[in-house]
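Input: a single structure, listed below in structure tokens.
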Amino acid sequence: MSAYEKQRLANIAKNKKLLEELGLNKPFFEPVEKPRKPQATAKKRKIEQIEDKDSPRKKSSRTSDASSDHENSTLRRSTRNRGKAIDYSAEIVSEDYIPDSFKVGIRVTKNTGPLGREDGKRVHNPKKFGAIPGIEVGTWWESRQGCSADSIHAPWVAGISGGPEGAYSVALSGGYDDDVDDGHAFTYTGSGGRDLKGTKTAPKNLRTAPQSSDQSFEHSFNASLKKSAETKKPVRVIRGFKSTSNYAPTEGYRYDGLYTVESAWMQKGLNPKGYLVCKYLFKRVPDQPPIPVRMSGDD
């Protein structure tokens, strides 16, 4: 067994023991994801056009009234709108962001919650604590861009969003192998300790770069989570499909509700030189809808 694997198992055992000591090792009732059956697409109705062959329609002349149209308006008008007063400012802009592939049943998903927006202007400020109005637990998005558009988790890449008063939201994407996720509680690793500038041989390794220094609670992201451990202000949590957790969605990113940060500490990370990482323990706020569990065999 490699040194990495030994350290990983030791860290997992330590994290599980911590959950057990706090009485967070027993999950609540949780439903199992059920795959939806593909819906039959509606057949297009044939539209029959009946024309009177004896009296064919005459094509209206666009040149005959061109001068009068130009005098009345600078906008181009079709023949059906000629002479009508149209209020273009009253046009209704659709806010239906559901992709057509889902609407017509070509594509189905195992996510049971509603599908959120994928773009558009934010309606609410993501830099607030607690739930976002209109976004229910279980809502999911195809990308992190959608999470940001609906103000659930603002950054497109970073896993932590927070400020001086605490963290607003975090994203679970399976970045650290020794983290434990029991759904109603999980351990989370902080940010930093990587050389984001890269090297000559790998100038764009960025967040996948190996850890090259200790993490610190002085880091703004880590400091916000540590503050949350003190204030117990609720933190929004999204889980991503890249996570290997049984509680992660099989597709996209899902909003799993509010959690509180119960504790924060430092421990040796999974790296050859033993650099320290910031660790946090999250506990789910009670009286929320249960989190679905992946079916065995799901990717």
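Just so you know, glycine gets a Cβ as well, placed from its N, Cα and C.
Feature annotation from TrEMBL assigns region 'Disordered' to 24-82 (among others).
Per TrEMBL, compositional bias 'Basic and acidic residues' is recorded for 47-57.
Taken from TrEMBL, the feature domain 'YDG' covers 130-284.
What TrEMBL records for 191-224 (among others) is region 'Disordered'.
Mapped onto DSSP classes, the compositional bias 'Polar residues' (208-224) shows 6 helix, 1 strand, 10 coil. According to TrEMBL, the compositional bias 'Polar residues' annotation covers 208-224.
The average pLDDT computed for the domain 'YDG' (130-284) is 90.
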